[in-house]
Amino acid sequence: MKATEKTADSFQEHVSGQSNKPLSRPPHSLEAAQVLEELHVDAIQGLDPDDAIRRLADLGRNELRQQKGVQPLKIFLEQIFNAMTLHELTIESWKQVLLLALGASFGIQAWIEGGILGGIIVLNIFIGFFQTLQAEKTINSLKNLGKPTCKVVRDGKTIEIQTADVVPGDIIDLNTGDSVPADIRLIDAVNLEADEALLTGESAPVSKMPNSVFDEDTGPGDRLNVVYSSTVITKGRGRGVVFATGMFTEIGLIAGALNGGMGDKSLMRRNEDGSASVFAYFAAGYMAAKSWIGEFLGLTIGTPLQRKLSQLFLWLFLFAIICAIVVLGVNKFDSRKDVIIYAVTTAIGTIPVSLLLVLTVTMAAGTKKMLERHVIVRNLSSLEALGGVSNICSDKTGTITQGRMVVRKAWLPGCGTYSVHTTNDVYNPSAGEVQFAAGQPKDISSVSEKERDEKAEPIDTHHEPATKPALQWFLNVASLANLATLKQNADDPTSSEEWSASGAPTEIAIEVFASRFGWNRLQLSQGSGASWKEIAEFPFDSDVKKMSAIFKNVASEEMHIFTKGAVERVLSSCSTITYGDATQTLTDRDREDIISNMEVLAGQGLRVLALAHRILSSDLSEAQFADGKAPNRNNFETDLTFRGLIGIYDPPRPESRPSVEMCQGAGIVVHMLTGDHPQTARAIATEVRILPPPEKLRLLAADVAEAMVMPAHDFDALTDAQIDELPQLPLVVARCAPSTKVRMIEALHRRGRYVAMTGDGVNDSPSLKRADIGIAMGSGSDVAKESSDIVLTDDNFASILNAIEEGRRIFDNIQKFILHVLAANIGFVIALLTGLAFKDETDTSVFLLSPVEILWMLLGTGAFCETGLGFEKAVPDILNRPPQNLKYGVFTHEFILDMVVYGLIMAGCVLGAFTLVVFGFNGGNLGIECNNAYSKACEPVFRARATSYTTMTWIFLLFAWELIDSRRSLYYMPAGFKAWGQHLWGNKFLFLSVTVVFFIVFPTLYIPVLDHVVFMHHGISWEWAIVFVDVFIFMAGVEAYKWAKRVYARRNLARVDSGFSESNGAQV
């Protein structure tokens, strides 16, 4: 038995943070020595090679399960199989009807009808093939993550092996730039930081603490003694022991969720000992059968529209069979060719033959229009579903925010507070306004946002330092206690950005801020014009939590130390503080004041650092730092002068706030699910208006306000029942794990909500797949893209609105063309079933319309008009209305009533035309064998059939224009006739479809052979009068019905307004 098979069951039971074979506790909650002991390995010697081979055979390779790639031949065969069997009965039922009609036509040697039906089936098989081939192009890009080799310790020697051969217990050495090959419990580390944004969504690198031990239920983002597979070491070095490989890693859990590996374990309830009752087996069997039948019929899978169409097609399939039986029964089950043809004709009349073709064309056109608006559609069915989105669950980093750190606030004691406005070009020091307010952050934060804006004044950053020496020293520290570089790409034509930076994200942000004032590290310390010379550097250390640099002033030859770091650590090294230009002793009150300001800035979601400086003793010389000597930093990082605080964060995109507000105007609730700290998440959510501003938040009920923001730890601790009892689901969930995002989506589903999930990292992939619509960012991971339905090429949250607007337009247009074809189907069926009463001398029913006429109208006439309706533009207020009610989908009460009324009017016109010609002017002469061939005796019937055909074709065409607006009159001309004509011409495809097909009727009536043999009708003359009268009656009937709907809508609105006014009056 293969190792992968042996571990399949254990994988199903695997939990986050454990080893392939579970240890006594998750490794992050154990000391490193205990992890080594339980994994039976020595930290110096590593595994014995033979032991490693045994573990590899027992536990499997360090690989992720792969799904089979796209198989075009299999897809093509499935399409043929679907057309030839009852597989996918509902949505493909029209194919089965056509297949049965095809068999009947060839069986009675009706070659023309059979050939046309066969062509339709083949055409749609190919359409289904190419559609499915495109939709199923899924590449499991997880296999591309990570390096192919890594360094491990085996038998006391460091060797390089394939990453796939790593096993639990391997000792791994990690260095800057390495991709982590597996989940590793750190043993020791020096300044080790890892970029975990791909998994946790947190933008800043995470400093690791190998000697720490955490609680068992600590989330992945807070396990600081663990590094994860496929993350990257950005700084430092370390050594650790592998505890999880392959599908047992954190990324493996995500892969399992994507592939369904972590889905429902069983439909059966079992006892604690694993046994189950007979009733449990029966219930499980019933649920499995119900699920299989629902999926088989398409009634429980797909989007709401797909499920509604499945139900519709199921009933139409049954109704088509019933109609055919009725026709045969009325004609005493006579097996004559003309009787069978009549049955075939009636069955075809019930089926919207053009619907799949029009849906495919409309969706394809929608994808092209989406692409123009920076949206790539990977799943066509998501287009119609976008119109019903009621909630958006969005990641923060790189989606709502820019994914880059910037300075937001800087406070200088005695001077004031500088604020930087957000821009998209975060590396450009000239972009974005800088404002100054004479006050401390804690004082400024206590006033309203409007008052803050009034107190803050924009400044000229290049002239500001000249009048403020304290600012000059603050900028010296910011720029020189910094390893980042910032330069302009004016001489680099290959660069896509004007400015480029290198270094840690936090230091880049500080360097950009200093450069706004003309303080650039490269200019200050390099080149002939340098004013400072670098002497030594004390790098950031996770123990001291600060970094320092010693520089020599070129002019004065004084030595200075510049320090930045965690506020508490820098304060502990300070003895003085500057207030404006004056320096004074740092008192306890000063320290409390600094901490208070730090807490205010941190409460705004900022990462706060302190800046300090000191002039060193004149006895110090460069020689003391020569030859790589490293003096004790404690001798230098003391008696510093506190210069101020600087607050950094990952800023929102400028377009995020207006986009969120527009979503709210469209009836869409935005949730932010992030791996960041709760305070950071709350601040960003408030800034982009996912959360209401504090003054409005205070007006809400306490339980509602409290539920708006929740750490993932608290959310995950709730049962599903407790989550469902919450007055409102959280708008912000911080410290999210992938499973938290999935639980949020499932909770929204239980409340009947339709959810779109946005994200860009591997950590977003399971939720992207579980959501009704997954929206990935173009710069995100391949895993996220392949798990999504939609990809935003510009990573712009505002593009989600473009997608939703386009989705609503497509939903509206789908409703229009479905109404167009179904109303015609009702008209055909009523006319044909009523026409059963028209019997010739042989007691055989004479059909009003021939099979080819019906197919021509449904495909030739209808398909073009319905496709044109699919190209209709969006109405102006499309984003000012709530989402579509997906309980009904397109089949609202108004839609059903419209369908029946229009169908009845059509049937009445067709029946009236046929009856008038045959019985009004030809004495009821129905001829003999008029369903088979033309003869002189059948001319009245053939002329009546031509009259009905022309009438139905023209009203079918004009009906498409009537459906442009469901209530407004087609002849409404508020801007005059010319503007009305331009409005119709605006949809050129629909205009040409109506006008061109309008005139194509004539050759089908008068070309020999085509008229008598193919269409089975005869050219008309005086009957044109009947056609024009019928068309007029139809248009008048439609306009009268629309007028009635407008009157009803106005009266209904008046009743609502009246009731609202009365209730308000009663309250007063």
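Glycine is treated like the rest: Cβ placed from N, Cα and C.
A TrEMBL annotation is a machine prediction, not a hand-curated record.
For 1-27 (among others), the entry in TrEMBL reads region 'Disordered'.
Per TrEMBL, the feature compositional bias 'Basic and acidic residues' maps to 1-12 (among others).
Taken from TrEMBL, the feature compositional bias 'Polar residues' applies to 13-22.
TrEMBL lists 26-110 with the feature domain 'Cation-transporting P-type ATPase N-terminal'.
Taken from TrEMBL, the feature transmembrane segment covers 108-130 (among others).
Sequence-distant contacts of the transmembrane segment (240-258) (same chain, at least 6 residues past either end, Cβ-Cβ under 8 Å): 7, 11, 14, 16, 18-20, 23, 27, 32, 35-36, 39, 41, 43, 59-65, 140, 142, 145, 166-172, 174, 181-187, 189, 199, 210, 220, 227-230, 738-739, 742, 762-763, 765-766, 769-770, 783, 787. What TrEMBL lists as transmembrane segment is 240-258 (among others).
Sequence annotations record features per position, and here TrEMBL assigns transmembrane segment to 278-300 (among others).
The annotation transmembrane segment is assigned in TrEMBL to 312-333 (among others).
The transmembrane segment annotation in TrEMBL covers 339-365 (among others).
Residues or ranges marked as region 'Disordered' in TrEMBL: 438-462 (among others).
Sequence annotations record features per position, and here TrEMBL assigns compositional bias 'Basic and acidic residues' to 448-462 (among others).
What TrEMBL records for 817-838 (among others) is transmembrane segment.
Per TrEMBL, the feature transmembrane segment maps to 854-875 (among others).
Sequence-distant contacts of the transmembrane segment (895-919) (same chain, at least 6 residues past either end, Cβ-Cβ under 8 Å): 815, 819, 822-828, 830-831, 834-835, 838, 848-849, 925-926, 940-941, 943-945, 947-948, 951-952, 955-956, 959, 966, 1023, 1026-1027, 1030-1031, 1033-1034, 1037-1038, 1041. The transmembrane segment annotation in TrEMBL covers 895-919 (among others).
Among the features that TrEMBL reports, transmembrane segment is placed at 946-964 (among others).
Annotation comment: TrEMBL describes 985-1009 (among others) as transmembrane segment.
Per-stretch counts of Cβ pairs under 8 Å to the transmembrane segment (946-964) identify 1021-1041 as the leading one among 817-838, 854-875, 985-1009, 1021-1041. Tallying C-beta pairs under 8 angstroms between the transmembrane segment (854-875) and each of 817-838, 985-1009, 1021-1041 places 985-1009 first. Nonlocal intrachain contacts for the compositional bias 'Polar residues' (13-22), taken as residues 6+ away from its ends with a CB within less than 8 angstroms of a stretch CB, comprise 7, 28, 39, 59-60, 168, 216, 218, 220, 223, 226, 243-248, 250, 253, 737, 739. According to DSSP, the compositional bias 'Polar residues' (13-22) comprises 1 helix, 0 strand, 9 coil.
Per-residue pLDDT, averaged along the domain 'Cation-transporting P-type ATPase N-terminal' (26-110), amounts to 69 for this model.
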